[in-house]
């Protein structure tokens with residue numbers, strides 16, 4: 001139920017006196033004086049004064065302080081595990097390990113906090129750039145301001161597509177429809193009129209009216225109830241992927257580490273030491289930094305996208321954008337310049353009308369005293385001198401509505417006469433004319449002739465004498481909206497990158513055909529009659545894809561569509577498996593933008609469209625979208641490379657220590673010389689002065705150092721140099737697992753082999769002895785393995801980042817510097833080890849380990865290349881192929897060949913345009929019912945041709961699969 005403002009509903013003192021004090025005062029100020037604003041609005045000085053008193057029109061942010069976020073970094077499953085390990089080291093008084101673990105905890109917390117802060121700042125910057133604006137009247141002038149600067153008493157204009165910027169009492173005017181779904185959950189808009197209170201957070205769906213701001217910020221209905229509104233954060237597809245990968249690694253880690261823990265305790269290892277080792281191994285194996293690295297990568301990408309005039313409303317949209325393979329694009333402003341060029345040709349259809357009268361009438365059908373709201377109003381108002389229009393008074397105005405495709409004004413002349421004027425789509429205005437049957441053939445023929453040349457038409461009409469009189473069709477304004485200079489090449493690039501582009505326009509079919517022809521998009525333009533009729537509110541059939549998919553896929557575009565048709569086209573494509581993007585700019589486009597996988601609000605969109613979209617463009621043109629897709633694919637590749645690398649590292653650490661703990665026994669008789677001054681087997685001689693572990697493991701401090709250097713430097717992968725894929729991206733987890741497992745197992749094999757050589761160094765015929773590195777003490781064997789595992793981890797980065805050989809693409813400078821830094825630090829630690837538990841190795845042994853790791857790095861890289869080759873050529877199994885590649889995406893050339901084979905003659909055949917139909921009459925022996933109009937004939941031909949294409953496609957598919 002609508003609420004009424006006491007002031008506007010009852011202006012007299014007597015009625016107002018019955019209102020409670022809570023409703024009479026606003027923050028201690030009497031509403032009668034506060035909201036009694038005239039048509040000229042507040043003055044700038046008064047608005048500034050009220051802003052200081054009542055504060056900005058913003059809701060109080062409940063975001064946690066940075067210090068609270070920092071504290072939260074030290075509490076959670078992984079931090080608790082590290083705290084447990086720290087506690088164990090404190091109990092055993094192993095202070096070096098204690099302080100190193102403490103440093104790891106602090107480093108993880110600070111780095112995670114900093115990266116989360118950066119990502120949060122990036123999102124905040126994106127939100128700031130999308131702050132709503134308000135159309136306000138101040139000092140008698142209509143102006144656009146930041147909605148946060150509104151104050152109680154401001155007079156604002158609420159028009160279709162705009163968000164209600166604050167609680168507002170509606171002034172006199174026509175009723176408007178308000179969508180309150182965000183507040184009440186109601187599916188249908190609510191009709192509101194004079195005296196009703198429109199709430200902040202709702203959206204104007206239809207109509208235009210002035211209103212007075214009655215409450216701002218926390219005093220609004222939305223502000224007071226915001227704390228009671230519970231919002232459920234939906235888990236995005238990207239987050240689900242990360243959860244699946246993390247759970248996969250955690251499951252492997254817990255099983256193997258748990259087995260190791262049981263084995264160690266069973267064989268007599270000190271309980272606390274076994275716990276400390278296994279906990280740190282678990283911490284090193286589980287990808288602590290995965291969420292941080294991926295979020296940082298997307299946050300950095302969002303800033304890059306913003307520089308390219310593309311604003312993502314949430315970071316996860318980047319991942320979806322990288323996989324988009326079908327774009328349904330608006331024509332005006334996206335494919336064309338949206339800069340109308342008025343033509344000299346102006347057909348007149350009333351005997352006494354003149355060119356000047358048509359232009360004046362068109363201007364009167366717009367709000368000439370306000371800034372133009374769209375390109376058409378700009379065209380009309382710039383065509384004449386507006387000063388003579390001051391003799392007219394606008395009594396009422398119906399703004400443009402996509403569902404009716406026209407504007408209308410009620411005007412009072414200087415002599416007191418009252419009449420109506422309208423401008424809009426020719427077929428709509430023609431239907432209003434009192435003499436429609438007399439002029440229909442001539443108007444339709446002229447419109448078709450103009451459309452054939454790519455010239456758009458805007459019809460103008462007025463009532464004869466009185467406002468309720470019949471409509472007189474005056475004439476047609478003609479204008480061009482030429483394609484943007486880069487659109488044709490951009491569409492070619494889209495096709496080359498696996499993205500289909502379909503034109504969706506409300507313009508005449510002939511204009512759409514001509515525009516598509518100029519842009520090389522094909523000329524199969526369908527009408528809306530080939531689409532089903534459906535009520536969005538009642539839900540959509542799940543068989544739309546199977547019933548209409550072939551028709552929609554075969555079309556190059558759709559003409560004369562209404563917003564609901566956009567919704568249906570998107571749903572059909574999504575049911576067919578396409579990752580679909582849709583552009584839009586109006587409030588009625590919001591459902592389609594929400595339904596699309598990637599909703600794209602173009603430059604100059606309404607608040608409603610921007611709120612429904614995943615991406616908001618701040619620059620017109622299709623090239624902006626294609627550039628965004630290219631950048632998103634780069635960002636996706638960086639995340640995928642990191643995930644591949646992190647899985648490989650987990651497998652290397654887990655499998656190596658699992659096997660080494662179970663199978664390698666340094667204290668066996670075979671390695672008795674490792675115990676100083678003891679010549680007999682340790683099991684037979686208890687005079688040993690130094691104990692050797694009964695199984696191989698690295699000290700806790702070594703695992704911590706590996707974790708710190710790996711996670712601390714791998715964040716730089718967000719800046720890596722990558723080449724965008726030529727096809728849409730998708731998370732092919734089986735392929736990622738196979739590649740990562742191959743990289744990890746090769747590293748495990750090389751580590752186990754080197755460990756065997758190290759423990760066998762006493763053997764005079766051993767490999768290390770052959771290179772003059774024999775008789776290594778056990779502590780040096782551990783140091784050697786620490787260096788080897790560290791180097792293998794860092795080198796795996798460079799093989800995981802490419803599908804081909806590692807040298808085919810240079811790494812990013814920051815990644816290269818970070819990896820070099822980590823390897824140098826690891827090498828220096830191995831040579832100049834300052835702690836106990838392990839012993840520094842010689843420079844000669846360090847060089848040997850480097851050469852050994854490089855040799856296996858080449859083996860690892862070649863194994864990866866061979867595996868990728870095999871995976872990409874197992875077509876008959878269809879196991880690893882991406883879903884998108886199974887789509888029958890038809891390139892521009894393939895479309896042309898297909899049309900030639902099928903003998904398509906739709907609209908692109910000049911003879912059809914010239915002679916088959918003239919003003920709806922059959923020519924040359926072809927038979928069409930005389931009652932059929934030109935539009936009906938064209939639509940029927942379009943439908944028949946589309947059905948033919950769909951039937952032929954089914955037949956070709958059947959013959960190709962042997963089912964025919």
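Just so you know, the numbers here start at 1 and follow the chain as drawn.
Note: Cβ is positioned from N, Cα and C throughout, glycine not excepted.
According to TrEMBL, the protein carries these features:
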- 23-94: domain 'Cation-transporting P-type ATPase N-terminal' (DOMAIN)
- 241-265: transmembrane segment (TRANSMEM)
- 271-294: transmembrane segment (TRANSMEM)
- 643-664: transmembrane segment (TRANSMEM)
- 695-715: transmembrane segment (TRANSMEM)
- 736-759: transmembrane segment (TRANSMEM)
- 783-802: transmembrane segment (TRANSMEM)
- 814-835: transmembrane segment (TRANSMEM)
- 841-859: transmembrane segment (TRANSMEM)
- 934-961: coiled coil (COILED)
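Packing against the transmembrane segment (695-715) from elsewhere in the chain are residues 85, 89, 94, 96-97, 100-101, 103-104, 107-108, 111, 115, 263-264, 267, 269, 276-277, 280-281, 283-284, 288-289, 292-293, 296, 642, 645-646, 649, 653, 657, 660-662, 664-666, 755, 759, 782, 785-786, 789-790, 793-794, 797, 818-819, 821-822, 825-826, 829, 835, 837-838: each is 6 or more residues past its ends and has a CB under 8 Å from a CB in it.
Secondary structure of the domain 'Cation-transporting P-type ATPase N-terminal' (23-94) per DSSP (helix as H, G, I; strand as E, B; remaining residues coil): 39 helix, 5 strand, 28 coil. Among residues of the same chain six or more beyond the transmembrane segment (643-664), those with a C-beta under 8 A of the stretch's C-beta atoms are 245, 249, 252-253, 256-257, 259-260, 263-264, 281, 284-287, 290, 294, 695-698, 706, 710, 714, 717, 736-737, 739-741, 743-745, 747-748, 751-752, 755-756, 759, 789, 792-793, 796-797, 800-801.
Remote same-chain partners of the transmembrane segment (241-265), defined as residues 6 or more beyond its termini with a Cβ less than 8 Å from a stretch Cβ, comprise 235, 271, 274-275, 277-278, 281-282, 285-287, 290-291, 294, 643, 646-647, 650-651, 654-655, 657-658, 661-662, 695, 731, 733, 737.
The list of residues near the transmembrane segment (783-802) in space but at least 6 beyond its ends in sequence, with Cβ under 8 angstroms from a Cβ of it, reads 641, 644-645, 648-649, 652-653, 656, 696, 698, 702, 705-706, 709-710, 713-714, 717, 720, 722, 739-740, 743-744, 747, 750-751, 754-755, 758, 776, 808-809, 811, 815, 819, 822-823, 826-827, 830, 833, 838-841, 845-846, 849-850, 852-854, 856-857, 860-861, 864. Restricting the average to the domain 'Cation-transporting P-type ATPase N-terminal' (23-94) gives a pLDDT of 79.
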